[in-house]
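Asker: Just passing along the structure, written as structure tokens.
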Amino acid sequence: MRTGIATVCLSGTLKEKMQACAIAGFDGIEIFEQDLVTSPLSPEDIRKMAADLGLGLDLYQPFRDFDGVTPDLLKANLKRAEAKFKLMARLGMDTILVCSNVATATIDDDQLRAEQLALLAALAGDHGVKVAYEALAWGKHVNDYEHAYRLVEAVDHPNLGTCLDSFHILSRDWDTAPIEDINADKIFFVQVADAPKLSMDVLSWSRHYRVFPGEGQFELAKFMGHVVRAGYTGPVSLEVFNDVFRQSDVERTAVDAMRSLIWLEEQSAKWLAGTSAETAAAGTSEQKAAGRRRYPMELATLPKVNEPAGFNFAEVKADDTAQLEKLLGQLGFEFEGRHRTKDVQLWTMGQARVIINEQAALHTEPAIAALGFDVDSPVIASARAQQLKAPVVSRKVQADEEVFQGISAPDSTEIFLCQGSPDGTAAWTQEFGEGLEHPRAAQTAVIDHVNLAQPWQHFDEAVLFYTSALALEPQPFAEVPSPSGLVRSQVMQASNGAVRLVLNLAPVQQASAPKTYQEHIAFAVDDLVATARSARERGLEFLQIPANYYEDLDARFDLEPGFLATLKELNLLYDRDANGEFLHFYTATVGSVFFEMVERRGNYDGYGAPNAPVRHAVQYDSLHRA
Ligand SMILES: O=C(O)c1ccc(O)c(O)c1
Ligand SMILES: [Mg+2]
């Protein structure tokens, strides 16, 4: 698959954008007109720079408001087009995107539109240019890709084809199956963008909220599957108008973009294989043959991973670890010893393993540093992540120690791909301490979920990272009210719930305010009330829940008075839905970390979302009092 990206996706000057695209490994780019007009570089300079960088100049765009106009305007539009065709010759470019008229079209007549497009195609032919006509979702008269294609067919000129843009098609919920019936020679270009499902006017949605594939909710693998089945072999190019990407680090955004295309390519191949198998199974020999058909576009695949089977460990770091040790001890964790060769400690409760890393630099406040995930094959998972351009993390190991495959997540959390064992133990724990003599406590526990705060400019990147590299499934995002703003919260989870990662987008921080960037690790136990009582006896400082909360809880759930009193006495939070019940409590925060203990009853699958605003408010209050 030939990969591309429009310069409008990125921040910086045209030169910076092109360099970043080359570093990220794109085959080609779309030059957005504004980027050229504002550039100090001559068209010849740009042409040479692209050649030196090994980048194809695949599309010049956009040319606006051509069709359906009065004769006067048509004349002016053809003159304007000719100037652009001449410019393209200097750039060495041969394809231009013409989008359907949104402003100046006064005549809604397909025959007239076809006649005008025919004149444009003939002029383009004279200049060796191909015109890719795209239906904008908000086009005045042409806003549907099938309509645009009918016009292309009616004109029937070798220099006129269509451009399919996933956003314009999927935002309007147009059926994508008829893409397969388009003559591949008439598909001159394909643009892809994802988007969250939002209810707003489609133009604002398109201009501000597009995201890279895998970061939104559109069915892009299916869209691409139909494009591939149509027989298209040209560039598949990202065109993402996004307020955040346009102001964040250009090289990093280009890599995020490239990751999205690598992933989309694999997902498209998977979608095709899945639907082909269905077709083949369906019966007739014709259908079987269709199921086995090969397509002219070659789709690369990736090393395969299944979703992770569980958390292997969580690691917190600090230069002064005393507070962390105290908190874990009070929660009921046991100190298992120090590592043979590294300055790290192991603490466990049942199968929940927490590493305290003492190697942190001076003045490092306690923070979550790393997460280990149980995967089928750490080597295969690591190969996949690296092909998806995840930065590799390496840690020194001695000859007889387990080698962890590590990658760095967008928020710099180190992700280790570990060999899980069916009984939930981990072989590497043998590297800690010596012959654990003390009797094992009966307490069973696992890491239930981990909540990571994401810098605002890397939130979408993180969603794609965990989706593509770790096969976690993004859930619809929620917005949690907190005293410092609305916190966007998105759960990434394995389908069986064995791994749950909650990504929170912290509200933008006032420079003078205390740091509200907090993250936590939650452990699930069988009996939360007993766990809370023991923790209280050991002197644990609980997050103090206001009395108002319990009154509201009673009003909502009509709880048994004794149970309500227990919740209140122990600062426990409660939630209930059709699947079951959820009890939980939080510790005070040390550095940027706090811990949560949860008990899931029945098949409760959430996180106590209705309680999140209470937690945020109490934490805010204690930060501001401190
Ligand atoms: O928002 C726009 O104007 C615009 C321009 C060119 C495109 O290819 C597109 O999809 C949108
Ligand atoms: Mg487009």
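The first residue you see is number 1, and the count goes up from there.
For all residues, glycine too, the Cβ spot is worked out from N, Cα and C.
Straight out of TrEMBL:
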- Glu134, Asp165, Gln191, Glu239: divalent metal cation binding site (BINDING)
- His449, His520, Glu596: Mg(2+) binding site (BINDING)
- 446-588: domain 'VOC' (DOMAIN)
Asker: Cα distance, His520 (Mg(2+) binding site) to Glu134 (divalent metal cation binding site), nearest Å?
Answerer: 47
Asker: For the C-alpha pair, I'd like the distance in angstrom between His449 (Mg(2+) binding site) and Glu239 (divalent metal cation binding site), rounded off.
Answerer: 35
Asker: Quick one: which of the binding-site residues (Asp165, Gln191, His449) have their CB closer than 6 Å to ligand 2?
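Answerer: Near the molecule: Asp165, Gln191.
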Asker: So which of Asp165, His449, His520, Glu596, listed as binding-site residues, have a Cβ under 6 Å from an atom of ligand 1?
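Answerer: Cβ < 6 Å from ligand 1, in sequence order: Asp165.
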Asker: I want the residues beyond Glu134, Asp165, Gln191, Glu239 whose C-beta is within 8 angstroms of the mean position of the divalent metal cation site's C-beta atoms, in chain order.
Answerer: Leu97, Cys163, Leu164, Ser166, Phe167, His168, Phe189, Val190, Val192, Ala193, Ser237
Asker: How long is the line from the C-alpha of Gln191 (divalent metal cation binding site) to the C-alpha of His520 (Mg(2+) binding site), rounded to the nearest angstrom?
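Answerer: So the Cα of His520 (Mg(2+) binding site) lies 39 Å away from that of Gln191 (divalent metal cation binding site).
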Asker: Determine which residues of the same chain, besides His449, His520, Glu596, have their CB within 8 A of the center of the CB atoms at the recorded Mg(2+) site, and list them by sequence.
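Answerer: Near the Mg(2+) site, the remaining chain residues are Asp448, Val450, Asn451, Val502, Ile521, Ala522, Phe523, Tyr586, Phe595, Val598.
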Asker: Give the sequence-ordered list of residues that share a chain with Asp165 (divalent metal cation binding site), lie 6 or more positions from it, and have CB atoms under 8 Å from its CB.
Answerer: Glu134, Val190, Gln191, Val192, Ala193, Glu239
Asker: Where does His449 (Mg(2+) binding site) sit in DSSP terms: helix, strand, or coil?
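Answerer: Strand, per DSSP.
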Asker: Which residue among the binding-site residues Glu134, Glu239 has the fewest other Cβ atoms within 10 Å of its Cβ, if you could check?
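Answerer: Comparing Cβ neighbours within 10 Å for the binding-site residues Glu134, Glu239, Glu134 has the fewest.
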Asker: Hey, does DSSP put Glu596 (Mg(2+) binding site) in a helix, a strand, or just coil?
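Answerer: In three-state terms, Glu596 (Mg(2+) binding site) counts as strand.
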Asker: Please work out the mean pLDDT for the residues of the domain 'VOC' (446-588).
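Answerer: Computed over the domain 'VOC' (446-588), the mean pLDDT is 93 on the 0 to 100 scale.
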Asker: With Cβ-Cβ distance below 8 Å and at least 6 positions apart along the chain, what are the contacts of Glu596 (Mg(2+) binding site)? List them in sequence order.
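Answerer: Listed in sequence order: Asp448, His520, Ile521, Ala522, Phe523, His584, Phe585, Tyr586, Thr587.
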Asker: Sort out for me which one of Gln191, His449, His520 has the most neighbouring CB atoms within 10 A, since those are the binding-site residues we care about.
Answerer: Gln191
